[in-house]
């Protein structure tokens, strides 16, 4: 755990929306009287019919979560229409293509027309309020238009990441019984085409076997490559949009009407369709976007996520647009045409706020500083991290090398199920500790409990729960409320269980230690894999590390480490011994790695998450059935890991 503290710098504090005293005052009010606090802040969005009821929530029994229940609004109206009178000519979306020579700027007025036309196309083909629409798109502006068009007419969107296989897509179409799909002919990532329409065709066949018939596929032309076509079912968007009006009135929606379903992996392997609703979600997404990123009018804001993930929903589309921000959408990958792409884009578009994932930060750190140094990055004033705990070494590199030691880093902890950021620094209010998500956002009451469910006070390690509801919270698992209750509310009665382990330090700062199933039990001692990974990555030759447990006949669990080295470094027995010594020195003898496997890469999903399940199987010498590997970005990585596994002696 890093003991370093970076106090809020005076220039940051003087410019920021919230200072320390205000944070403390607002936070105290938000937990003492959530009704009053959210009653006030719920008004940050426009309501067609104002709410009189603010909070009606119960984490026990049948678990019911309702916010602003009698209010009526529309998300698309709040993200577009209400800005037109004063900011219609402001850029809403900057699109940066996969090819560095391609970009587009879309103003709020243009956004209005694009979204209304797409909404009218949906209506023309029979899509009604409450219908589910599946969106399977690359990072092009039309992905945002599709989401906003659904929200405009009250259809429920289910965005499926464009990297998912036809099987995964088909399963998600069946689960929410979607009969309308929006896609592209192809996507482009790192110069390589992604066969989206072909995948949709296969997924529709799979869905038909599950008795769900897709009626229409709306296709956006991206590359112009030839593709198979089903007349009557398949529709070209550019042809359809030309036949409809550029005005579409927003459907008044009740605050608790569903807005979207987003599938997230569950421990059972069957994805859960996390359900978010209209009013509370938008209040929370927009409020966290404004205060966590200290968003001020005129800032250029870039979140590098994909709209297929919750980060893309809340912090590329809904939060920023509700706040009349300029949001950047990036089609490409961080390493194409080379590992300086992020920094080039920051200079090109004068980005002020940059939000990315630790896995990207670590891989760019491994590529060396020259790619960063060739850019100026002088426009940057704030850096953010999302997706997993960031190890202190990557944090320090991000802060000093990317941000030149002048941009606060907001290390944000949250989940698909939370709708928005939960534990985070606020730039003008929170002293920073590298590796810590720091303090709760307004209205969030974190609690640590032990395995028996007893509340732990003060500095401690425990399971992270949230004691009370907040407006952005998911309401259910689509079509399976019982699973929602069992997954999140049955482990610790009356609390939302996050599934994450956490340490609270003496200053009341929170340190996420990783999923509770990523905790090792070594000779009776609890050890978070994130801690061991952090220790390994703090060695100057290590770019990335993943740690899993495997059965050990003396310790119960042994520690198996997969290590990717910095460019130009070679693995050797000598380096292996060095790393063991290094980890012992960082954490203690209990954390001594038993196996270290040098690997050219780690198995990751296309969103950058490490697939630890695969690493566990290989560590256990049980790679015959690796389960669903359809979401792997690079399957060849797995073959290399199996070929060079370190556990054959035990297995033999």
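Just so it is clear, glycine is given a Cβ too, placed from its N, Cα and C backbone atoms.
Listed in Swiss-Prot for this protein:
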type	residues	note
BINDING	189, 190, 191, 192, 311, 523, 584	CoA binding site
BINDING	387, 388, 389, 411, 412, 413, 414, 415, 416, 500, 515, 526	ATP binding site
BINDING	537, 539, 542	Mg(2+) binding site
MOD_RES	609	N6-acetyllysine
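Locations of recorded Swiss-Prot features on the structure.
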residue: 189; record: CoA binding site; DSSP class: strand
residue: 311; record: CoA binding site; DSSP class: helix
residue: 387; record: ATP binding site; DSSP class: coil
residue: 416; record: ATP binding site; DSSP class: helix
residue: 515; record: ATP binding site; DSSP class: strand
residue: 584; record: CoA binding site; DSSP class: helix
residue: 609; record: N6-acetyllysine; DSSP class: coil
Measuring CB to CB from residue 609 (N6-acetyllysine), give everything in the same chain under 8 Å that is also at least six residues away in sequence.
359, 387, 388
Which residue, out of the binding-site residues 412, 416, shows the minimum number of other Cβ atoms inside 10 Å of its Cβ in this structure?
416
Name the one residue among 389, 416, 515, 537, 539 whose Cα is closest in three-dimensional space to that of residue 311 (CoA binding site); these are the binding-site residues.
416
In the structure shown, which of the binding-site residues 191, 387 has the fewest other Cβ atoms within 10 Å?
191
Site with most surrounding Cβ atoms, counting all protein chains shown within 10 Å, from the binding-site residues 189, 192, 584:
189
Quick check on the binding-site residues 190, 311, 539: which one has the highest count of other Cβ atoms within 10 Å of its Cβ?
311
Between residue 542 (Mg(2+) binding site) and residue 414 (ATP binding site), what C-alpha distance do you get in Å?
27
Reported as an integer number of Å, what is the Cα distance between residue 515 (ATP binding site) and residue 537 (Mg(2+) binding site)?
19
What's the CA to CA span in angstrom from residue 412 (ATP binding site) over to residue 537 (Mg(2+) binding site)?
20
Minimum Cα separation from residue 537 (Mg(2+) binding site), reported as the residue among binding-site residues 190, 191, 414, 416, 584 that achieves it:
584
Fill in the CA-CA distance, residue 416 (ATP binding site) to residue 192 (CoA binding site), as an integer in Å.
29
Relative to the Cβ of residue 414 (ATP binding site), which residues of the same chain, six or more apart in sequence, are found under 8 Å away?
386, 420, 421, 422, 423, 424
Check: same-chain CB within 8 A of Mg(2+) site center, minus 537, 539, 542:
393, 535, 536, 538, 540, 541, 543, 545, 563, 579, 582
Using Cα coordinates, what distance in whole Å links residue 539 (Mg(2+) binding site) and residue 584 (CoA binding site)?
12
Reduce the DSSP letter at residue 537 (Mg(2+) binding site) to three states and note it down.
helix
What's the number of neighbouring CB atoms sitting within 10 A of the CB on residue 537 (Mg(2+) binding site)?
22
Just to verify: the residue among 389, 515, 542 with the fewest other Cβ atoms within 10 Å, which of the binding-site residues is it?
515
